[in-house]
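A quick write-up on the structure given underneath.
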Amino acid sequence: MHSEKKNETVSLHVTDLGRHGEGIGKTADGYTLFVPGTVPGDEVEALILKAGKTFGYGKLRQIRKASPDRVVPVCPCADSCGGCQLQFMKYEAQLAWKQKKVRDDLIRIGGIQEPPLEPISGMQKKLRYRNKAQFPVGTGKDGKPVAGFYAGHSHRIVPCSDCQLGAKENATVIRVILEWMQEFHIPAYDEQTGNGLVRHVLIRKGTATGEILVCLVINSTAPEKDNRNPGYSQKRRKKKKAEGLRTEWKNELIRRLTEADSFFEEGSFLTGLTINYNPENTNVILGKRTECIWGKPYLLDRLTSEKYGFSVTYQISSQSFYQVNHEQTQKIYEKVLDLAELTGTETVLDLYCGIGTISLYLARRAAHVIGVEIVPQAIEDARKNAELNDIQHAEFFTGRAEKVVPELVRQKNIHADVVVVDPPRKGCDPELLQTILQISPEKIIYVSCDPATLSRDIKYLTENGYRLAYAKPYDQFGMTVHVETVCLLTRIK
Ligand SMILES: C[S@@+](CC[C@H](N)C(=O)[O-])C[C@H]1O[C@@H](n2cnc3c(N)ncnc32)[C@H](O)[C@@H]1O
């Protein structure tokens, strides 16, 4: 029985990190406390915020002896912003923790006693690696518009326009947009009331091309129909959502952002400005409709495989998924190609294919590639990308992979030598895994951004005729708790 109570300050020796990057320590009498912002090896004092029977949650009060793995975070917002859970840790220690996380999950959840795990691949460029930023916009205490990031586990905006993981140009774009909003009294969206106009700013940069696409997400159903003010009066607020942006506001934003180009890094330039309409009271950032008000509705980027001696150019729209770390993505896709060992005669399925990124790598070495993806805009991009790269033997289908693939098996009797899956964090749908077993490819290559769901799916596949032959973690998301893993499963003959 432990005597620790809420609001008590206790001394703690931190020995591990939890799934969300919070330090885990024990008090002198063995009580376990989770304390964000602490690092294994730290001796700290923590305030108990929540005390359960066997463990509790605390807040860091004071570091009595710093861990040798502790470093001073580069970002001034690291304490308050929820994005970089590991910026307090030496990069090598972050990598070691991620390697252990993947290994532990493969053993504990995947039931693989001796995982064939290669050492994690670390990033050369540890900051400014993200090619995409999503800034929520709100109203500060002084009534002025602010943009930044959400504090951990909340929707409180921590003002920050220059995230150290993102492109340098983000700060300029955000400054211009906030000044524009302030000058023209354009209200930020308020999640509580559902009023206001500007919800988010999305900025994407093509690392290889320097192209920058800005997308302003607004709380409105349709492009502007007239010149009335967006719902300022309480009366009108109750009746309807804020209306769209006035034409003169759009024109002014275009003028300011195109002129801001001159502050961008050499070689970087604005390629398009889009408005996304999201009138829903929801956490989902993007609405269904996007309008391009200047330039192109997409940006171009290029990925290169030095080993295989080719580059692939991709068109990426605001609503399409694209891996955020250019350097690591190139390594991961090259590894997929290595593991596939294609000879030019094979049929390959690329499931959860996004804009056809992996599909078009595989198409360089396969006879036929079939991609399946749920987002229609991404499939439009994928088809365009096949054209752009002069690839005729890749075809793409829109829909849920777990519905489309069984249909393709039923109607077209498709077969595949290699199946690649790259699902979102929740992993593969069970129906899809069953269909893959039915297709019975020689190889399944699993690209995953969540070791827990990856391990769950590996358990199912290894219990049903496959063997985990290879696994390698990649650090795609330095300073955060996230880790990417590439696995090869081979059919047991
Ligand atoms: C992690 S991304 C991978 C995309 C692509 N392979 C890449 O590397 O860029 C996962 C993709 O799965 C798509 N997706 C999510 N659920 C899906 C489903 N049930 N069926 C098909 N695609 C889905 C998402 O829209 C997203 O494009």
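Cβ atoms are placed via backbone N, Cα and C, with glycine included.
Caution: TrEMBL annotation is automatic and unverified by curators.
Taken from TrEMBL, the feature domain 'TRAM' applies to 3-62.
Sequence-distant contacts (6 or more apart, same chain, Cβ under 8 Å) of E373 (S-adenosyl-L-methionine binding site) comprise Y352, C353, G354, G356, I379, A382, F396, F397, T398, A401. In the three-state DSSP assignment, the secondary structure recorded for E373 (S-adenosyl-L-methionine binding site) is strand. The S-adenosyl-L-methionine binding site annotation in TrEMBL covers Q323, Y352, E373, D422.
Around C449 (active site), the C-beta neighbours below 8 angstroms that are at least 6 residues distant in the chain are P424, R425, Q476, H482, V483, E484. Residues or ranges marked as active site in TrEMBL: C449.
The active site, nucleophile annotation in TrEMBL covers C449. C449 (active site) falls within neither a helix nor a strand when secondary structure is assigned with DSSP, and so counts as coil.
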Just to confirm my parser: what is the rounded mean pLDDT across the domain 'TRAM' (3-62)?
93
What is the three-state DSSP composition of the domain 'TRAM' (3-62), stated as helix, strand and coil residue counts?
0 helix, 34 strand, 26 coil
Counting only residues 6+ away in sequence within the same chain, which have a CB under 8 Å from the CB of D422 (S-adenosyl-L-methionine binding site)?
D350, L351, Y352, C353, G354, I358, Y446, V447, S448
May I ask which residues of the same chain, at least 6 positions away in sequence, place their Cβ under 8 angstroms from the Cβ of Q323 (S-adenosyl-L-methionine binding site)?
T329, I332, T357, Q476
Going by DSSP, give the three-state secondary structure for Y352 (S-adenosyl-L-methionine binding site).
coil
Residues other than Q323, Y352, E373, D422 within 8 Å, Cβ to Cβ centroid, of the S-adenosyl-L-methionine site?
F321, D350, C353, G354, T357, I358, P423, V447
